[in-house]
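Feature list (source: TrEMBL):
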- GLU397: active site, proton acceptor (ACT_SITE)
- THR122, GLY161: FAD binding site (BINDING)
- 58-115: domain 'Acyl-coenzyme A oxidase N-terminal' (DOMAIN)
- 251-412: domain 'Acyl-CoA oxidase C-alpha1' (DOMAIN)
- 451-629: domain 'Acyl-CoA oxidase C-terminal' (DOMAIN)
Amino acid sequence: MNPDILRERQNATFDIEKLTNILDGGAERTNRRREIREVLVLNDPDFDYGTPTSLPTMILKLREYGISDPVEINWYKSMYWGTGREALGLHYVMFLPTLYTQCDSEQFNKWVPLIIGTYAQTEMGHGTHLRGLETTATFDPATQEFVMHSPTVTSIKWWPGGRNPLFLPLIFLSIPLSASLFDLFLSGFALPTCSGIVIGDIGPKFGFDAVDNGYLKLEHVRIPRENMLMKYAQVKPDGSYVKPLSSKLTYGTMVFIRSLIVGNAGIVLSQCCTIAIRYSAVRHQSEIRAGEAEPQILDYQTQQHKLFPLLATAYAFLFAGQYMIDTYNRISGDINQGDLSEMPELHALSAGLKAFTTWTANTGIEVCRMSCGGHGYSRSSALPDIYVEFTPSCTYEGENTVMMLQTARFLMKSYRQVQAGQQLSGAVSYLNKVHHRVMAPQAVSSQLDLNLNTLVDLYEIRAAMLVELAAQSIQQESARGKCQEDSWNNSTIDLVRASDAHCHYMVLKMFRDKVDQIEDPGVHSVMSTLAHLYAIHGMGNFTGDFLQAGVLTGAQVPSVSKCLKGLLAEVRPSAVLLVDAFDHHDKMLNSVLGRHDGNVYEAMFEWARSSPLNRTEVHESFHKHLKPLQAKL
Ligand SMILES: CCCCCCCC/C=C\CCC/C=C/C(=O)SCCNC(=O)CCNC(=O)[C@H](O)C(C)(C)COP(=O)(O)OP(=O)(O)OC[C@H]1O[C@@H](n2cnc3c(N)ncnc32)[C@H](O)[C@@H]1OP(=O)(O)O
Ligand SMILES: Cc1cc2nc3c(=O)[nH]c(=O)nc-3n(C[C@H](O)[C@H](O)[C@H](O)COP(=O)(O)OP(=O)(O)OC[C@H]3O[C@@H](n4cnc5c(N)ncnc54)[C@H](O)[C@@H]3O)c2cc1C
């Protein structure tokens, strides 16, 4: 083991295993995750790491081991495929959940065990604006069929992932059967027998290469009436239409995957922090004091300033992910029972946190890569691949700006309710105080009150202020004679800013609540330090907001920076131990820089030598192209 890494792991001030258990949701979950990893994957003789041929093996193994829990499926898949996406991702996280949530019982029993499918909602002309989708589904009572059709070039289904060129069970979203409703269809087209179908691949992408994203054009293709997913809405044999309790129930799968993406952003950021911090512990470069040995780059304050706030953010997002999934499970359970009362709140929370966490993680991956210098740009670090695979999460499952505006819609509605004298509950209850809060600068000392509860309060006031400013912008636009829609559009910068601040407050509050639940003194102490770091770092980035909200004075601003530097120094001794607690296996991380043993250079040389370009002493291109040219010169 590299001596630097060895030294970093001595004198631990907290129990790493207990922190890993907290991240997993308990010791039993940690044990089960490791059992799946060590026994069912790594020690399985059939396991052929990450090669395409192992995809069928993986599916059969999941069935052989009886792994059906979505979290356990993901543990198994992530061991198989490491940090990359794989072709079945969409099947497991969108196609199956849609069947689970939108099929009636007869359809469920008929389809769920049997098929692998995709989710074809987006069209060439519309991905965000679902009410603009053009694919039609016209019911023919005479034959009891729906006629599916792509009337325009922009209506061609574009992007469905993992579409199988031979068999196409896919979930469709087609334009309204009635005024403003959408419906989902399962269409099992067996090619090439089924005429009227034109399918293909949309061509090379930025990345995401393990997933074949395709296109699908339908020319009056007929499917049985029974293929409409009929849990919430039905078309009867006589063509009459039974409306769902809410037209937004059709959007349920997107809310589910957005909820998953929140925790996934934390996982991806934790992977990158593991790589960058372990590498920064073994990399020596330049000098701090003339004549002394080159220091670990982790001892540079700028390196700590790059990485430790991201480390705190990774923990914050992992805890936010746990909260999001728990909230999703609770509210979707109520929805299943016909209680839709909290559906708007679930939508606003999942949409906002999906955007907030993916934007932050997306930027964070690049900071981690660049903090590793040239070796971060090598594919051996895994960081370029992680970035390429993660960055579309800011676009898919709801483009981030649009998602932030959905949250803003809920915040404005809540603000108007407060103005009308209603008492709010849930995540926006802090708006109840928006009219009674003293916004004038408080007479505070130049020292910052570091109490975590106080910091959460300051973020709450900041969010409330920005919600009020956005609402005032809309009111001012209206007062200038703008229609409601233009008033909204002319305030969307403020609205996104308000949603961002609301999400930032929510994530800090979740982090504080999780820290409060930690009983082990050592773990509580180090997690409390990270939560403080997360809050103070955010204050440093958005100082203007806190000054404008009157919760920070000019005299206190220097203490924000001073406090930040102190917290970086406090995290430094535990940094490697904190990434060890994420418990990412070398095989899954697949990074020469992030190896658990820290033996980076030896591994990098072996990795380079294994490159296809090094298979022969002299590359064949010399003999094929250069040598003949030399002979002519
Ligand atoms: C364990 C593993 C983890 C893995 C993590 C992920 C790995 C990645 C795996 C696979 C790769 C992903 C592949 C990608 C797939 C896709 O991208 S599928 C397609 C995704 N597409 C979208 O998300 C479309 C986005 N657009 C929309 O959702 C909607 O068009 C909209 C923007 C919400 C607008 O809808 P609409 O116009 O109908 O509604 P509005 O007029 O804006 O609002 C009207 C009211 O409806 C409420 N509303 C809107 N949506 C919802 C909802 N989902 N639930 C509840 N309520 C909703 C809205 O708030 C309004 O309410 P109000 O009137 O009271 O204000
Ligand atoms: C890797 C990848 C995989 C995908 N897989 C699938 C899949 O399996 N199935 C599927 O159905 N789809 C899939 N998609 C499509 C994805 O869901 C859409 O790309 C996404 O919903 C965004 O829609 P769009 O492409 O139409 O972007 P647009 O909405 O056209 O966005 C373009 C710009 O317009 C802005 N904009 C749009 N509306 C508004 C508004 N109301 N207010 C302010 N600004 C706005 C956006 O902010 C953005 O800046 C995938 C996409 C990617 C990248």
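First residue shown is number 1, and so on along the chain.
Each Cβ is built from the backbone N, Cα and C atoms, and glycine gets one as well.
Note that TrEMBL annotation is computational and uncurated.
Note that the structure is a prediction, hence the values are computed from the model and not measured.
Structure with TrEMBL features highlighted.
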residue: THR122; record: FAD binding site; DSSP (3 states): coil
residue: GLY161; record: FAD binding site; DSSP (3 states): strand
residue: GLU397; record: active site, proton acceptor; DSSP (3 states): coil
Inset, instruction - Restricting to the same chain and to sequence separations of six or more, state which residues have a Cβ under 8 Å from that of THR122 (FAD binding site). - result: LYS157, TRP158, TRP159, PRO160
Inset, instruction - Fill in the CA-CA distance, the residue listed as 'active site, proton acceptor' to GLY161 (FAD binding site), as an integer in Å. - result: 12
Inset, instruction - Report the same-chain neighbours of GLY161 (FAD binding site): residues 6+ apart in sequence with Cβ closer than 8 Å to its Cβ, ordered by sequence. - result: GLY89, LEU90, THR118, TYR119, PHE208, VAL211, ASP212, ASN213
Inset, instruction - Over the span of the domain 'Acyl-coenzyme A oxidase N-terminal' (58-115), count residues by DSSP class, listing helix, strand and coil in order. - result: 40 helix, 0 strand, 18 coil
Legend entry - Within the predicted model, mean pLDDT of the domain 'Acyl-CoA oxidase C-alpha1' (251-412): 97
